[in-house]
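Asker: When I checked TrEMBL for this same protein, it listed these features:
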BINDING   183, 184, 185, 186, 187, 215, 254, 283  4-amino-2-methyl-5-(diphosphooxymethyl)pyrimidine binding site
BINDING   216, 235  Mg(2+) binding site
DOMAIN    12-133  domain 'ThiD2'
DOMAIN    154-336  domain 'Thiamine phosphate synthase/TenI'
Ligand SMILES: Cc1ncc(COP(=O)(O)OP(=O)(O)O)c(N)n1
Ligand SMILES: Cc1nc(C(=O)O)sc1CCOP(=O)(O)O
Ligand SMILES: [Mg+2]
């Protein structure tokens, strides 16, 4: 290869990468500007764009433009299915952040063949962009989870199942039937089993636009990439669970009386489970909070509303008593898992909840 060819190749790559980096930075900046009311983050986003422009001004613009050959670019017609599978703003942000990182890295590497100071400036920008974009990405992921939680009405507790294939099929078919949130609750499973199922369940549920929560174990929820953890009165307090799972994941708390409800909300719970409403075949209790508790929660949390799921022995026959208390969200086990046709049971419960 001739030296001039090599310079032209570098310039062609730099031109393409500069455009990709600028597009990615702008994509994220638009979310910061129009999606978050955060003037500080908006200022950093703008700075990054200007820093990129300043570094690029070190390159010879005429050479950059001369090297551009969009029609001759064999890559423009190559598209992956993933590019058209984004359904959420969080996915758009993740893809843009990855694009920025990759293209800045390319600019840095090929930039070294043209101007070492340019490469240094891009390297520093890459680190700054990484930190800033990671924060924005976490924010977008958290908003996406909160949005899905706010829309959720039907929450199902599931165990590890007999095999991974069965577990995957359960999530897919029941999500299709209207389950919005799955909680992995299996008191017999080993840590390793829980971790493996949680990892798998988180991916499958995401593909179905459902949430995937891990019962009791903040460590497993976080390491497996689940959407959140559900803790009871015997597990970590909400604030400590939050420290483990981070602000981008959900923390749910079980409550059995109104003091626990207020504590859970004050502790930063994203949602609460309220029960036991009726006698349950899944877990036995000495006493039942009953529908009186649900009515009390409905009345006393109007000022600090959180999604609240009634739980404990709820089924198609007694659901009307729950909705009469102002609760239109439920969490169940037996009513779906022990039904002859679990998908039909999920559909029926959902219809009743929304009806
Ligand atoms: C949604 C929801 N609500 C309540 C519970 C019960 O949690 P906990 O009291 O910690 O009891 P176990 O489930 O751990 O036996 C829950 N799991 N989910
Ligand atoms: C695990 C659990 N916790 C409850 C509480 O009230 O905190 S009730 C419950 C059992 C939920 O299963 P089912 O729908 O089969 O009764
Ligand atoms: Mg528990």
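Glycine is no exception: its Cβ is also placed from the backbone N, Cα and C atoms.
Just so you know, TrEMBL annotations are computer predictions that nobody has curated.
Quantities reported herein were computed from a predicted structural model and do not represent experimental measurements.
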Asker: Just the binding-site residues from 186, 187, 216, 235, 283 whose C-beta lies under 6 Å from any atom of ligand 3, please, or none if there are none.
Answerer: 216, 235
Asker: At a 10 A cut-off on CB-CB distances, which of the binding-site residues 186, 216, 235 has the highest count?
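Answerer: Selected residue: 216.
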Asker: If you check the binding-site residues 185, 186, 187, 215 one by one, which have a CB less than 6 Å away from any atom of ligand 1?
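Answerer: Cβ < 6 Å from ligand 1, in sequence order: 185, 215.
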Asker: When a 10 Å sphere is centred on the Cβ of residue 283 (4-amino-2-methyl-5-(diphosphooxymethyl)pyrimidine binding site), how many other Cβ atoms does it contain?
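Answerer: A 10 Å sphere around the Cβ of residue 283 (4-amino-2-methyl-5-(diphosphooxymethyl)pyrimidine binding site) contains 16 other Cβ atoms.
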Asker: How far is it from residue 216 (Mg(2+) binding site) to residue 283 (4-amino-2-methyl-5-(diphosphooxymethyl)pyrimidine binding site), counting Cα to Cα, in Å?
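Answerer: It is 15 Å, counting Cα to Cα.
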Asker: Count the other Cβ atoms sitting within 10 Å of the Cβ of residue 187 (4-amino-2-methyl-5-(diphosphooxymethyl)pyrimidine binding site), across every protein chain shown.
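Answerer: Looking across every protein chain shown, the total is 8.
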Asker: Taking just the CA atoms, what is the gap between residue 235 (Mg(2+) binding site) and residue 283 (4-amino-2-methyl-5-(diphosphooxymethyl)pyrimidine binding site) in Å?
Answerer: 17
Asker: Specify the count of other C-beta atoms within 10 Å of the C-beta of residue 184 (4-amino-2-methyl-5-(diphosphooxymethyl)pyrimidine binding site).
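Answerer: Counting Cβ neighbours of residue 184 (4-amino-2-methyl-5-(diphosphooxymethyl)pyrimidine binding site) within 10 Å gives 30.
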